[in-house]
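Notes follow once the structure below has been shown.
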Amino acid sequence: MINQIQKTISVCIIGRPNSGKSTLLNRIIGEKLSIVTPKVQTTRSIITGIITLKDTQIILYDTPGIFEPKGMLEKAMVRCAWSSLYSADLVLSIIDSLKPLDDMAHNILNQFCLLNIVPIFLLNKIDIESKYLNDIKAFLKISHPKSLLFPISALCGKNVDVLLKYIKSKAKVSPWLYADDDITNLPMRFIAAEITREQLFLNLQQELPYKLTVQTEKFEELKDKSIKINQVIVISRESYKAIILGKNGTKIKDIGVKSRIQMEQLFCVPVHLFLFVKVHALWENKQEFYQYMKI
């Protein structure tokens with residue numbers, strides 16, 4: 001039997017908040033691995049996705065959006081995003097083609113030059129007509145002449161196959177780091193916490209989702225192969241608890257049901273989910289929470 005030649009490539013996806021990084025990762029992997037919401041700064045840590053295409057294993061890093069950080073948490077998120085560049089063979093800079101390049105976008109482009117990084121630019125959301133697309137293309141061709149440009153739609157999948165073909169062509173002969181059916185190296189308890197946090201983002205209004213985090217305290221496989229999950233929603237103020245619980249606990253029950261359904265779809269087994277709310281003043285200043293969030 002002839003051993004298959006294995007190739008590997010690591011790819012970092014970086015860009016502004018809500019530019020489509022997580023949507024692209026999910027599209028490529030074929031599973032909803034990275035949470036997606038309309039709110040900015042949803043992704044807080046590096047989410048690793050893995051896809052193996054015949055002889056080539058592609059390891060993708062979805063990163064927090066780049067923005068002007070203020071508090072300790074935001075600074076850690078942005079620092080985490082930039083640090084991912086150093087472990088990647090290829091950098092994909094995703095740009096929202098529906099918006100003009102703003103000051104932060106130009107700062108990111110300048111940073112690539114300072115770091116001697118030649119990114120691949122992905123002009124995302126081309127499924128919607130944009131009056132800025134041609135101007136963005138023209139600017140990038142002048143400012144980064146060595147970089148390739150791929151107009152794509154991460155949401156609809158347009159040109160993602162072309163992008164994957166290019167990524168695959170850049171892979172080098174190297175043993176795979178993961179099994180050929182792995183889609184991530186993240187612990188299931190971490191993924192479960194992210195799923196619940198996504199539902200909190202989607203179901204809580206205004207700024208409250210940014211003031212909380214979720215930790216999986218118990219992840220137990222039962223004899224019938226179902227999973228029991230205990231999670232704690234950590235908030236910084238007592239006044240937030242009533243909002244999360246809702247009248248007679250209806251809000252947290254609804255969030256729990258939606259989270260459980262997504263977990264069952266991803267884990268392919270029944271899930272028993274129990275949610276608790278805990279007040280932990282100034283949790284954003286505690287190192288233990290950053291270690292749990294992997295930032």
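The backbone N, Cα and C atoms fix where each Cβ goes, glycine too.
Features as listed in Swiss-Prot:
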type: BINDING; residues: 15-22, 62-66, 124-127; note: GTP binding site
type: DOMAIN; residues: 7-176; note: domain 'Era-type G'
type: DOMAIN; residues: 204-281; note: domain 'KH type-2'
type: REGION; residues: 15-22; note: region 'G1'
type: REGION; residues: 41-45; note: region 'G2'
type: REGION; residues: 62-65; note: region 'G3'
type: REGION; residues: 124-127; note: region 'G4'
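This view paints the features noted in Swiss-Prot onto the structure.
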| residue | record | contacts (Cβ under 8 Å, 6+ apart) |
| --- | --- | --- |
| Gly15 | GTP binding site | Lys21, Gly65, Ile66, Ser93, Ile94, Ile95, Asp96, Ile108 |
| Asn18 | GTP binding site | Pro38, Val40, Gly65, Asp96 |
| Thr63 | GTP binding site | Cys12, Ile13, Ile14, Lys21, Thr43, Ile46, Cys80, Ala81, Ser84 |
| Ile126 | GTP binding site | Ser97, Leu133, Pro151, Ile152, Ser153, Lys158, Asn159 |
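Residues of the same chain lying 6 or more positions beyond the ends of the region 'G3' (62-65) and with a Cβ under 8 Å from any Cβ of it are 12-19, 21-22, 24-25, 34, 40-41, 43-49, 77-78, 80-81, 84, 295.
For the region 'G2' (41-45), the residues of the chain that approach it from at least six positions outside its boundaries are 17, 21-22, 34-35, 62-65, 67, 73-74, 77, 80, 198, 201, 210, 293-295, judged by C-beta separation under 8 angstroms. Counted within 10 Å of its Cβ, the other Cβ atoms near Lys21 (GTP binding site) come to 32, all protein chains included. Broken down with DSSP, the region 'G2' (41-45) shows 0 helix, 0 strand, 5 coil. Under the three-state DSSP scheme, Gly15 (GTP binding site) falls in the strand class. Its Cβ taken as reference, Ile66 (GTP binding site) is surrounded by 21 other Cβ atoms within 10 Å in the chains shown.
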